[in-house]
């Protein structure tokens, strides 16, 4: 009798779960890039490390995740937690197990665009590149300040747009989602990104507006995170990504990023899809929530050169 009761409860639970008639069955690919270096820019790499931990925990294999980071933070002379990086006060180490696909002077706009394009020369040299196809989803997250910088030079909107157009032409994805955390980040897509190449993008700010950091840490002498980045990742850890949509994630991020105006660009119909179609999801009955019950301050990224 108890067995029948348990089976009945399980049946009701399973049948109460939302059904996605168009469930995504392709592969998920991720490119994560921190475009800065230096202790004062700690937050950019810590954001990227945090994003990696989310994707990895959500079941996306490392072979499908490509990470750009200068890798000068964890073992920096200023780090009072040697070998560790945190993304919020008293938070867990987010540096552990992060792939070192492109580090140091390999972190360049040229390599970034080549990775997106699936450059054969890089691949033949033993470097990871996107090997996605027409049935796959691609998620790209870039984190930096002052437009879209890399340690030594800029990534220009015209070059990025052309690469994205070429990816679409060459069937490198079914749908692509692109998030940018940077001051004036909207300028990378405003009047640049077409609406008919199956790409949906969000940015931390308007084309002429700064983005903001958060959690300035007096003990470490630097800020731990960026506001927009922290908010979309916070949402991703607190919701069932199989049912939560990209639009719901953006609405939360926009509401909680109260110091700048988050923007959406490209094919906005993609925002109706579940977040899990791009970020994966945990094979558990409830999402794991990292508590951040701490007060925070925000600073314009253009003014947050803390040492």
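Cβ coordinates come from backbone N, Cα and C, glycine included.
According to TrEMBL, the features are:
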- 145: active site (ACT_SITE)
- 183: active site, nucleophile (ACT_SITE)
- 1-16: signal peptide (SIGNAL)
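Counting in whole angstrom, residue 145 (active site) lies 5 from residue 183 (active site, nucleophile) by their C-alpha atoms.
The Cβ of residue 145 (active site) has 27 neighbouring Cβ atoms from other residues within 10 Å, across all protein chains displayed. Packing around the residue listed as 'active site, nucleophile' is summarised by its Cβ count: 24 other Cβ atoms lie within 10 angstroms of its Cβ, all protein chains included.
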